[in-house]
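> Got a structure here, written out as structure tokens. Questions coming.
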Amino acid sequence: MARAVTVATCALNQWALDFDGNLERILRSIEIAKHKGARYRLGPELEICGYGCSDHYYESDTLLHSFQVLAKLLESPAAQDIICDVGMPVMHRNIRYSCRVIFLNKKILLIRPKMILANSGNYRELRWFTPWSRTRHVEEYFLPRMIQEVTGQETVPFGDAVLATKDTCLGTEICEELWAPNSPHIEMGLDGVEIFTNSSGSHHVLQKAYIRVDLVNSATAKNGGIYILANQKGCDGDRLYYDGCAMISVNGDTVAQGSQFSLDDVEVLVATLDLEDVRTYRAEISSRNLLASRVNSYPRVKVNFALSCSDEICVSISEPIQWRYHSPEEEICLGPACWLWDYLRRSKQAGFLLPLSGGTDSSATACIVYSMCHQVCLAVKNGNQGVLTDVRRIVNEDTYTPEVPQEFCRRIFTTCYMASENSSQDTRNRAKFLAEQIGSYHINLNIDVAVKAIVGIFSIVMGKSPQFRVYGGSSRENLALQNVQARLRMVLAYLFAQLSLWARGMPGGLLVLGSANVDESLRGYLTKYDCSSADLNPIGGISKTDLKSFLQYCIENFQLTSLRSILSALPTAELEPLADGQVSQIDEMDMGMTYAELSIYGKLRKVAKAGPYSMFCKLINMWKEICSPREVASKVKHFFRMYSVNRHKMTTLTPAYHAENYSPDDNRFDLRPFLYNSAWSWQFRCIDKQVSKLETAGADCDLYINQAVVFIEDAIQYRSINHRVDSKSLWLYRWYYSRICQWILGLTITIILGLAFIETPSSLTVTSDIRYRSPAWEPPCGLTESIELLCFLIFIADVSVKSYLIGWEEFRKTKWLMAYILALVVSLTDWTVSMSFSCRETVRIRRILRPFFLLQNSSMMKKTLKSINSTLPEMASVVLLLAVHLSLFTMFGMLLFARTKDGQQDKEWLGYFRNLPDALTSLLVLLTTANNPDVMIPAYSKNRAYSIFFVLFTVLGNLFLMNLLTAIIYNQFRGYLLKSVQSSLLRRRLGIRAAFEVLCSLKETPAHTHELCVNAETLLRVLKKVDMDFGCKHVILRTLRTCPHGLLSAVQFQKLFEELDKDSVKQHPAKPEYQSPFLQKMQFAFGHPYFSYTGNVVALANIISICVVLVIDADKQPSERDDFFLGAINFFFILYYLLEMLLKIMAMGLRRYLSYPSNRFDGLLTGILLVLEISTFAVYGFPHPGWRPEMMGLLSLWDMVRLVNMLIVFRFLRIIPNMKFMALVISTLLDLVKNLRAFAGILLVVYYAFALIGIALFKGAIVPMGNISVVNITSGNNTLQCGTYEQLEYWPNNFDDFAAALVTLWDVMVVNNWQVFLDAFSRYSSPWSKLYFVAWWLISSVIWVNLFVALLLENFIHKWDRRCQQQSLSEIEYQVTMELMFRDVLEEPTEEELMEKLYQHPHLQLCR
């Protein structure tokens, strides 16, 4: 059974009506095919006469000459023993058809007319031909006598038939039939045709090859078979370039690929294929076979000829290949270059002339000519004699051989920079440098003389001189003066094209090249009959965006570095006067649109067939993220006005290379009127109506989007959603909660709280010691009051906005806001009174109210305060028990240590139990162990049995009751804090659900879906506006993009935002990947944990060495020390630390190294140590024996060395991450600091209030005792008792100013020696002062410290429980939040609970 068939296809550079050349190229292709063993040869469509004959098809001469060429082919010996398939026009029954004539050995086998004609875009086949409409029908065609004489046939089959050879069946398609929805190859394949042929005349469009190849491969992928495609190549006389790409495909795979762009006139592809591959492929497609069993048969023309060889076993079968596509930049580089070459050689001109302005367009044209020269040199180098012959004829030199593109370019390419007074030096230089790099013959000339002459003629005749707009002229004058320059350049271009070679002593003339891109032509941004009017325009069908990419391609592939400055420059026509020597005219500003927008307009207008209204409808969706509907309408209207006003210019467009499907070429591609009603009144009115509708609907859509944004942000921040939700209120709400507003509010609170340090009594002194304190600077009246008033105004604005946003109903329920207003009213009243008394009043109530502003601004502080307030009843029971315990033991003590007759034995009574207040105070202090064992010693020294009393009191009070208080506070506070956290969780879930419900109002749920859904694209729009953590947003967006069907139900929507509840995890960047084995080994060694352990050992050794030196030098005087050893070891260790840091950076990469806090800590300290060490050496020299220079500059040597060693000791903390349990404790402390802000804020409030109360009660109460030395502890006849305020010199601890009051309160809070303060202030002021200090002790030391312990326990227990699940702390960093601590016990709110809350929203109306 015959299997292997060898077939050939070709791409021929035919030329319309060049019958001699066309015949020669056809015969050459047949000879090459036969030489390569092919038994079937396929040529392009209408290859005998050339595809682009256009209206010449009407001429009988064209038909006659085509048959004459056919006769030559039939007679040619080259055309024997091979089936030849050629294209030509044939008239049958007075109807003209585009046909394939298939012949073998001087016999015509079949004339197959084209059944589907191309009649869109550049194609007008229905103008000249008629499609054969009778499928599977064959008629007799009577051959002309000249053909009968050659073939001996009178008639031949004419119609839709297939050829049946001895070994296979072959069917024919012609060009457009492949692109049709119901291509003939489908039915042919089902009828058993195994080889399909297609003769095409398909022109180039950017990236069209993808479609063509896909169509061919798809034709055989579904149905099996061999598909052979032939195509014309080159320029056959018009604007199109046919780009070859001949190919052969088998069963969906390409086995042979022809070039898309080349200078070869004849290219033949030959492939040997196995027919059994087709048959086995088809056999397993059951659906295909079922259809084939019912198909109508095609007429078969039997051919006594086989395509297979007798010795087919020895023939190798062509294997599938991967199609190599060109990038758009490569296509721009090669296609127009080949088109120009064909035009140049066939026009018999001597080269090109280009007005080179130094801009993108003209530079791109110059680069295309340079690419042409490059292709010519390459073709000559590869032995293309036809190209070499053409080159020698063009340059008029029979021995010339081009070798370097620049040298050939100089012979055939002239560039001309036509400067005017409006031209900049930059563009002149850019043009010059580009011309030098490509090698063109460059001319610089100035057109000002000609411009002035033309304008002068007008001025003489009309008596008026036009002026540019910048000099006061009108728009008409400005445009006319620009046009004069542009048109003179066209005149000069043609003059130089005709005579420049004559002036240089060279023959011939030059073709003038234009450089107007497709976008500018579409917009009409060109002068009629300016330099855009030329002989040819290679870029007239290419967009500005693609041209810029092409220039970048030329920089990279041709090393044309001068293009960089051209690309970076703004496009400009340079037709208006310069401003300070710089260009003031920018193309995009002149046009009123960008080049990117122009490309979109062009594709919509031509490819999408969109008028003004349709274009508007499409663009509002395309540009919905960047333009409002009204802005889109404005852009569309402006484009169509400019397009219609300038459409007349398209009638004179220079013939341009066709590369884009939206070209405005008026010749035959884009047939439209050139006189429009540029008002477009009806169309624009429709647009305006639609804009009004969209703005109404868009307002609702935007409202829902903004509501969702705000609700999600509320959920993130745990804010209440019960606020206004209209558009203006939402804007105000987001503005109020913006970072800048909250920062201003926080700064205002800080300032008003900080005024206490400046106001009278001022804290602006060096010391608070009343003995040495100098008089403080007191601010003048009105200074702090003005600042205070400004803060009050901001608070008034704050409360006003808050009150407005939540509405009257919510306002009445919000006690905090009402208290806020009351505090402001009282503060302003007090401020008014203060100003009335010229700041001399003694009491300022508003100072006590200032901490309230801090409280009300923090929702967490308010929640914590509420929890503390709820815990107070339980704490009160224990405090009451403590009071009972204290009272009982006080009574026992007074009875036990009553006054006796022996005054020497009454020390206990005299010192501690003299009266009830003293006894209570003494035991209260003992409860804190501050006066233990002092209070017991007098009685204990008298009788050891008295110790039992004090031990029992301490054990019961301190060890039992105080710790019981801690346990109760922990238990009760944890419960109330859990409720607070549960409330926060409800707020978060409610905010997310509210966002879902308002997005459902957009009605995006499909009809077939039973539950409400939100479109994923809509949620993407929402998330882009939401202000949230970048990492969290990234995870949510990534999850959202993988959402199936693009719809989210309520459950999916809520689950998506559970990311907000998760730990914040910081993943470290990847390590660098080294190719060198040596570097890989180094990376492994220095990235290993053991290297860090070595560093820790070195740090420990450094600490030990420092300790040894410090012990040795502890008792030495500075003058006796020898710092050589310490300086030397410091130098060694710092050098090691630097080396360690650099090696770690090498192993880990800089980004990964810096991602570890321990490394940042190490690196910072190493840098500081290095700077200090270099400074030490620079000032004092290198260490040497006896190294102890004198004091120099700011620091002595010892001071600098000590500073270095303190930092080294501090650096030893690097071991913490490597010790698991220590790291656990440290991380717990760090997390505690993060979660302690609310507690710290409440403590600050209490501190502030107590400090101000203390100032009011005790300011000036403590007075110095006069000039008394520390040693002399007697005053008069009185001796200062040991342990008193005076003896301990606690003079700086007072309430004479705000800063001193804060320190005093801290000292009391620590409860060490706090009895000293009780005693001193009761003596200096009043015994009732003890109540103040006891109250402070209860609030700070008892309540707040126990709350702190409770929070510490929660953090630590949570951290401890999770220690087994965590990865190493050095690998992942976790963020523990208050909510995370209670995650396991929190209850998720139910659907009913959420919806009930939403229905109760005072301002939100749900869609269901």
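Just so you know, glycine gets a Cβ as well, placed from its N, Cα and C.
Okay, these came from TrEMBL:
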- 5-275: domain 'CN hydrolase' (DOMAIN)
- 740-758: transmembrane segment (TRANSMEM)
- 787-805: transmembrane segment (TRANSMEM)
- 817-837: transmembrane segment (TRANSMEM)
- 875-897: transmembrane segment (TRANSMEM)
- 948-970: transmembrane segment (TRANSMEM)
- 1090-1112: transmembrane segment (TRANSMEM)
- 1124-1143: transmembrane segment (TRANSMEM)
- 1164-1183: transmembrane segment (TRANSMEM)
- 1203-1226: transmembrane segment (TRANSMEM)
- 1238-1258: transmembrane segment (TRANSMEM)
- 1331-1353: transmembrane segment (TRANSMEM)
> Pairs of Cβ atoms less than 8 Å apart decide it: which stretch in 740-758, 875-897, 948-970, 1164-1183, 1238-1258 has the most with the transmembrane segment (1124-1143)?
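Most contacts with the transmembrane segment (1124-1143): 1164-1183.
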> Any chance the transmembrane segment (948-970) and the transmembrane segment (1331-1353) have 3 or more Cβ pairs under 8 A, given the pairs are 6 or more apart in sequence?
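Per Cβ check, the transmembrane segment (948-970) touches the transmembrane segment (1331-1353).
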> Checking distant contacts: for the transmembrane segment (787-805), what same-chain residues at least six beyond its ends satisfy Cβ-Cβ under 8 A?
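Same-chain contacts beyond the flanks: 723-724, 729, 732-733, 736, 744-745, 748, 751-752, 755, 811, 817, 820-821, 824, 827-828, 831, 846, 853.
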> Cβ pairs under 8 Å with the transmembrane segment (1331-1353): which stretch of 740-758, 817-837, 1090-1112, 1238-1258 has the most?
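Most Cβ pairs under 8 Å with the transmembrane segment (1331-1353) come from 1238-1258.
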> Over the domain 'CN hydrolase' (5-275), what does the predicted model average in pLDDT?
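Mean pLDDT, the domain 'CN hydrolase' (5-275): 95.
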